[in-house]
Each structure stands twice: as structure tokens, then as C-alpha cells.
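Under the heading domain 'Glycosyltransferase 2-like', TrEMBL lists 3-77. Sequence annotations record features per position, and here TrEMBL assigns transmembrane segment to 214-232, 244-265.
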Amino acid sequence: FLETVIAVFEKNFEHAEIICVNDASNDNSVTMIKKSVDFSSTCSIYIINMSYFHGLEMAMKAGIDLSIGDFVFEFDNTYLDFDSQIIMDIYQRALQGYDIVSASAKRKEKFTSKLFYKAFERYTDLSYKMSTESFRVLSRRVLNRVEAMNKTIPYRKIAYANCGLKTDNLKYEVVHQVNWTNDEKEKSYRISLAIDSLILFTEMGYSFAKMMTVLMMCMSIAMLFYSLFIYITAHPVAGWTTTILFLSIAFFGLFGILTIVIKYLQLLIDLIFKRKQYTFESVEKLTK
């Protein structure tokens, strides 16, 4: 994989650098990377050794922070299931005015990934359609804007989709079938990342809390009327009616307070975690 990337970069770019992030890997990846240096003549290669396992997002953030190029390619994995020409295809597409261009394989998407993207699209107002991507190219303007918009970036794809700049996605035919495997640590990290992203970047948590609050309020009101009905038409046990009335009113107020608290928490996330006030796609100069 690395030899292919080196060959493409040296053929098409005068200056290029490759940054590999060692996220506490326990296999022979670092050794293989060092051997690949022999195939490089003009391309600079760096290895960032993380202190411990940080996960894909933080590892990629470390690599991006070290990068200095006007355009940055992000390869989330080393599965070479595409033709090497696709790398330059998305770069040429970026030169046509797109700040983010990604490449996706023409294959059936995993059910869990499809479910996550559906939930994300349902509870956000973004026009960008998210999907599973193999790699992407980003302009320096994207990286600067994302850095200015967010204090931290738990999930890069959402931050890129939320930045408001022009994006495009190219589909490619799979030329080599690759078996995708993730260890247990990576699977656990991805599940945690999906939950955090839905809470931080969507209205899903607030919508669920609001729905449950309305449901419980309706149940409290129903119990209130039921206790009054029993009090008028039957002979309840002494103290039963007042107890039910008190509990119904108390829980009605409690659920109302919880809704307000959750709304305040949502506002705090928007004001503190997200620093975006507005976004624009482009600026057109009409006069010379």
C-alpha cells in the first residue's frame, strides 16, 4: 500500500510528505514502513509514535497537525482495493473548486454503518450525504475552518460535513477484494465514537428525551384523571386518592423540569463545544 502511494506522489508532485501514525501498534507495521523508505527518493516519510492507543480519530488528528501541505490526503486504512489512478482523480476533482473530495467503493454498505448514517441525517439539517469512505483529499482551508469551528474533533467526517465548504464523492470499482477485520479494541472504540457523535452533533438525545417527557407527562395526567374518577365513582382506600394526585402532579413537574435541563445542556454543547456561528461555501468577486 505505502509503496503504491509513494509511487503516485513522486510521479505527480514535486514535493510531498507521508505521515504514518503508529497508534500503539503491536504488529510489524513500523518495520514495514521503514523498509518502504527504500522506494522513496523525493518523498519525505515520517512516523508519529503515539504514547498509547488513542483511536483512529485522535491518531489522524496528530498526523494532520504535523502536515504542512496545501492539500492533505487522509487514508483511514491500508486496504488497497482501488486502482492507484483514483488517488489523482480525487485530487484533480479538488482542483475544480471542491475543498473535500472523498472516494468510496462500489460495494454494499454495512448495516450498522447505514443505520448510523440514517440516524445522523434524520436528526441534523446538513445537506451532505454521509457514507463509508476509503480515503479523501482536503484543502488547507477545510482544516483551518474545522479547527476554528470545534474545540475538539471527536469525529472528522461530521466536522468536515458541518464546515459548509463544497464537497464531492467519487465512486470506484473494487479491483481487489479485501477482508475487513477489526480487533476488539477497535470495535469498542467505534461503538463509543458513534454514540458520542450522535449526542454531540445531532438533536437525537434531546428529541428522545422530549418524546419520553411528553409520554410520561401524558401518563401523569391520565393517572390524575383516573384518581379523580375513582374518588367520585367508587370508595377508594383512605389516602389513596391524595397520594396518587400528589405523585401525578409531582412527576408531571419533574418531567417538565428535566426537559428544561436537557434543553439547557443541548444549548451548552452548542455554545461551548461547537464554536461555529455561521458557514459559507464560497465568496464570489463580481468586480475586477
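Every residue gets a Cβ built from N, Cα and C, even glycine.
Those TrEMBL annotations? Automatic predictions, nothing curated.
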What DSSP reports for the domain 'Glycosyltransferase 2-like' (3-77) is 32 helix, 17 strand, 26 coil
Across the domain 'Glycosyltransferase 2-like' (3-77), what does the pLDDT come to on average, as a whole number? 84
